Amino acid sequence: MKMLLVRKFRVLILMVFLVACTMHIMIDLLPRLERRGPESRPGCSCPPPAAAAPRWPGKHTLRILQDFSAEPASNLSSQSREAAERAAERAASGGAAAAAGRARRLIGPGAPRPPPPARSAAPLAALFQHPLYRAALPPLADGDLLFNVNSDIRFNPRAAEQPEWQNEDHHEEFLPTGETSIDSYPNWLKFHIGINRYELYSRDNPAIEALLQDLVSQKITSVAMKSGGTQLKLIMTFQNYGQALFKPMKQTREQETPPDFFYFSDYERHNAEIAAFHLDRQVEWICIKRKGEVLILDFRRVPPVAGRLVNMTREIRDVTRDKKLWRTFFISPANNICFYGECSYYCSTEHALCGKPDQIEGSLAAFLPDLSLAKRKTWRNPWRRSYHKRKKAEWEVDPDYCEEVKQTPPYDSGTRILDIMDMTVFDFLMGNMDRHHYETFEKFGNETFIIHLDNGRGFGKYSHDELSILVPLNQCCRIRKSTYLRLQLLAKEEYKLSLLMKESLLKDKIAPILYQPHLEAMDRRLRIVLKAVSDCIEKDGYDNVVENDFNTGADTVTTER
């Protein structure tokens with residue numbers, strides 16, 4: 001009798017297991033079948049359904065405009081596990097970028113530029129007035145915008161909170177009289193709809209400064225660990241439904257990467273993410289009582305990043321629903337709050353992140369638009385390192401490696417090889433050896449910029465210049481004229497790169513960001529880059545090395561004042 005009961009119990013457990021597996025498979029498959037629609041079903045000649053009336057997406061749809069794929073593994077479009085888990089919720093909504101109506105551009109370089117400040121002896125004001133930093137982009141067509149958005153759609157937080165709200169007829173005005181619909185958009189959404197073929201954001205986009213303030217001040221409502229990372233990163237959601245990637249502080253400003261560390265096991269530094277953003281972007285300055293903008297490298301290919309002091313108890317532990325993260329919190333012998341999360345490296349009690357007593361600083365990087373609305377293509381960097389303790393990559397042993405690269409798509413045409421050179425200079429100035437992949441927006445094909453993601457392993461050593469980072473430039477001997485002239489300008493004493501970076505970084509809430517020797521190392525590395533370009537010009541000639549990328553009539557710009 002006892003044996004019979006045991007057998008029946010085993011059969012029951014097996015049946016429950018099979019039912020659970022079946023339900024799990026159905027949950028995974030149903031959203032894919034729904035997304036296919038009648039036009040993709042074989043044998044169906046029905047016309048596709050008419051476009052649905054424009055409506056604002058629900059709470060979960062607001063989040064599909066965001067993602068951050070930092071560690072892609074193939075040449076396919078980047079996918080994140082978190083995005084896949086929310087696929088069913090996203091499938092039903094059209095998203096903000098697909099809104100009906102005539103598309104027109106809301107934010108970006110198409111808007112008239114403010115008049116330049118008056119002539120001043122101040123270095124920052126003088127740099128702002130320099131022709132190199134006032135060149136306009138080509139006129140933008142609809143195909144040059146990442147999103148074509150109906151400007152009549154209003155952002156209604158009540159509809160975001162309650163999905164059923166959008167299906168009812170409500171004529172309540174959320175905005176004060178006189179404001180336009182775009183004023184209702186949160187700053188992270190203004191950032192997303194300002195992305196175009198040439199840049200992540202325009203020089204004059206006021207939403208960027210506002211977004212940086214949001215990253216520092218918005219209430220954190222949810223925290224979860226980013227899956228698949230080698231080191232701990234947290235996804236933070238704010239009260240306005242924006243999201244950002246949080247990298248906590250692991251090293252003090254003056255600490256260098258230990259000499260015995262391989263580049264692939266180095267710490268990811270929060271201050272490196274902040275400094276990379278300031279090096280890449282334009283910064284708003286106030287000089288001689290006049291407001292202007294100073295562009296350092298003027299790439300604008302790094303998403304907005306800001307430093308923030310976070311309360312680990314109130315803003316992480318108390319709001320997270322991630323049980324795995326919550327279980328790693330503990331109180332240290334010094335009565336400080338600590339946690340370590342789950343990841344491949346440095347996630348253990350011995351490498352715990354501890355507050356003082358529960359305050360910890362870190363970087364917050366704004367998410368890019370979600371992959372379901374703006375697919376990104378992931379490319380393997382041709383000069384990717386071997387990520388092996390003993391093996392070397394092909395480019396490290398073949399001095400003619402660049403010739404092979406230039407015969408391979410997409411490097412055989414367009415500007416992609418010049419984009420790689422820009423990225424090379426950017427990484428060398430920071431000392432970043434960890435550029436294994438890069439991404440582009442699929443919509444723009446190969447004629448677009450490279451997104452400079454994941455810069456946390458920069459600024460690790462100020463006493464050493466890693467010359468192997470410059471190998472792409474030395475092998476290919478190609479560089480944009482605009483990049484070359486800006487580098488020459490930043491090498492001048494009156495526009496010294498280290499001084500501009502120092503003043504730029506003072507705007508961050510957790511300044512100072514970089515230890516002074518790191519700033520001085522940037523000046524030293526800049527001279528090394530210019531020497532490498534000079535050697536190339538001496539060997540191959542100026543016209544064969546420096547690519548004129550200025551518009552017609554603008555190629556007379558020089559670094560002379």
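Glycine is treated like the rest: Cβ placed from N, Cα and C.
Feature region 'Disordered', per TrEMBL, maps to range 72-99 of the set 44-71, 72-99, 100-127, 212-239.
Comparing Gln231 (ATP binding site) with Asp434 (active site), their Cα atoms are 14 Å apart once rounded. Its own atom aside, the Cβ of Ala366 (ATP binding site) has 25 Cβ atoms within 10 angstroms in the protein chains shown.
Long-range Cβ contacts of Asp434 (active site) within its own chain (separation 6+, distance under 8 Å): Tyr263, Phe264, Asp266, Asp454, Arg457. Cβ neighbour count for Glu268 (ATP binding site) (all protein chains, 10 Å cutoff from its Cβ): 26.
The number of other CB atoms found within 10 A of the CB of Asp454 (ATP binding site), across every protein chain shown, is 28. Counting every protein chain shown, the number of other Cβ atoms lying within 10 Å of the Cβ of Leu368 (ATP binding site) is 24. Other Cβ atoms within 10 Å of the Cβ of Gln231 (ATP binding site), summed over all protein chains shown, number 21.
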